[in-house]
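Asks: Got a structure here, written out as structure tokens. Questions coming.
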């Protein structure tokens, strides 16, 4: 005979953590999760700050530029601009010594840029944690979150680590389309970025991933099992079928004939499709960290010396070096007004059209 002592309840008493856990992760249709406590507020503030800045806030006091819809910019030319170089690496808190609680002054000083950059970084981290949390909840492997580390690495290296290595937030990209293009030209002129091997690996990763994606999608479409009499993909197979929807064997034979080699199992194929772009993004991020420290790569000095001595000797490299000098000369004076740079007209390189 068994005697049970104690109070019997249908459900064990829940402590505060369990109540919160249920509220965040189970009692709703759209998953929030503990990661959502970081993701949603930070994403809201980052996007809200960007929309506010591009709509109303000028860059006259930091860059001498118009940068808002209010001043006549459009979607491509509006931006949330970086603070002035004189503010160095200040966090530019609204209540800090620079703005002293004055919201208008805070916007004029570029406070919205640090606001958007830092909240944006934590929002991206929150999104990666969301993928970890949801994967763990449904017992998936965490490769989605691992893959998303690539974009996070690029964002953090470009918007945070690079300016931290330079003299201030001023040299980070402003948050806008044309502003990012200007930053790319700046990277080329001042760092010769396109000849950096880490940039090359990044390009290979991103373009290689696009190629793999196109090949994979086309191959699956080409080798679908036909389950109906429909004329196109969306009618010729049943979306709820339990069986495999395409023939890996047929795909393998096809690419073996095309290239001579082909993936023989899906796990290796899909891991490769994960590995290529993520590795490319991480390599780019490492390269930008190097630029933050002003490391140089691939300076072919022997060609530069020979080109200087022999007017008839020229390579694509020496032409690009001259182009970079032109970018620096034209950009520096207008891009860094705080330096008060003045170049004599005769030293500014000009094309035939000018």
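The backbone N, Cα and C atoms fix where each Cβ goes, and this holds for glycine too.
Residues or ranges marked as chlorophyll a ChlzD2 binding site by Swiss-Prot: 119. The annotation pheophytin a binding site is assigned in Swiss-Prot to 131, 144. Annotation comment: Swiss-Prot describes 199 as chlorophyll a PD2 binding site, evidence class sequence analysis. Swiss-Prot lists 216, 263 with the feature plastoquinone binding site. According to Swiss-Prot, the phosphothreonine annotation covers 2, on the basis of similarity to another entry. Feature annotation from Swiss-Prot assigns transmembrane segment to 42-62, 126-142, 154-167, 209-229, 280-296.
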Asks: Would you please pick out, from the binding-site residues 131, 144, the one with the fewest other Cβ atoms within 10 Å of its Cβ?
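Replies: Selected from the binding-site residues 131, 144 on minimum Cβ neighbours within 10 Å: 144.
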Asks: Residues of the same chain, at least six outside the transmembrane segment (154-167), with any C-beta under 8 angstroms of its C-beta?
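Replies: Distant Cβ neighbours of the transmembrane segment (154-167) are 82, 85, 88-89, 117, 120-121, 124, 173, 281, 284-286, 288-289, 291-294.
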Asks: Run through the Cβ atoms and count how many others sit within 10 Å of the one on residue 119 (chlorophyll a ChlzD2 binding site).
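Replies: If we count other Cβ atoms within 10 Å of residue 119 (chlorophyll a ChlzD2 binding site), we arrive at 20.
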Asks: Once near-sequence residues are set aside, which residues in the chain of residue 199 (chlorophyll a PD2 binding site), 6 or more away, have Cβ atoms under 8 Å from its Cβ?
Replies: 193, 284, 287
Asks: If you measure from the Cα of residue 144 (pheophytin a binding site), which of the binding-site residues 119, 216, 263 is the nearest?
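Replies: Going through 119, 216, 263 one by one, the Cα closest to that of residue 144 (pheophytin a binding site) is 216.
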Asks: Sorry to bug you, but what's the C-alpha spacing from the residue listed as 'chlorophyll a ChlzD2 binding site' to residue 216 (plastoquinone binding site), rounded to the closest Å?
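Replies: About 36 Å separate the Cα atoms of these two residues.
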Asks: Using all protein chains in view, find how many other C-beta atoms are within 10 Å of the C-beta of residue 216 (plastoquinone binding site).
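Replies: Around residue 216 (plastoquinone binding site), other Cβ atoms within 10 Å: 16.
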Asks: Once the chains shown are all counted, how many other Cβ atoms turn up within 10 Å of the Cβ of residue 263 (plastoquinone binding site)?
Replies: 19
Asks: Could you round the CA separation between the residue listed as 'chlorophyll a ChlzD2 binding site' and residue 263 (plastoquinone binding site) to a whole angstrom and send it over?
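Replies: Rounded to the nearest whole number, the Cα-Cα distance is 42 Å.
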Asks: For the C-alpha pair, I'd like the distance in angstrom between residue 263 (plastoquinone binding site) and residue 131 (pheophytin a binding site), rounded off.
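Replies: On Cα coordinates alone, these residues lie 28 Å apart.
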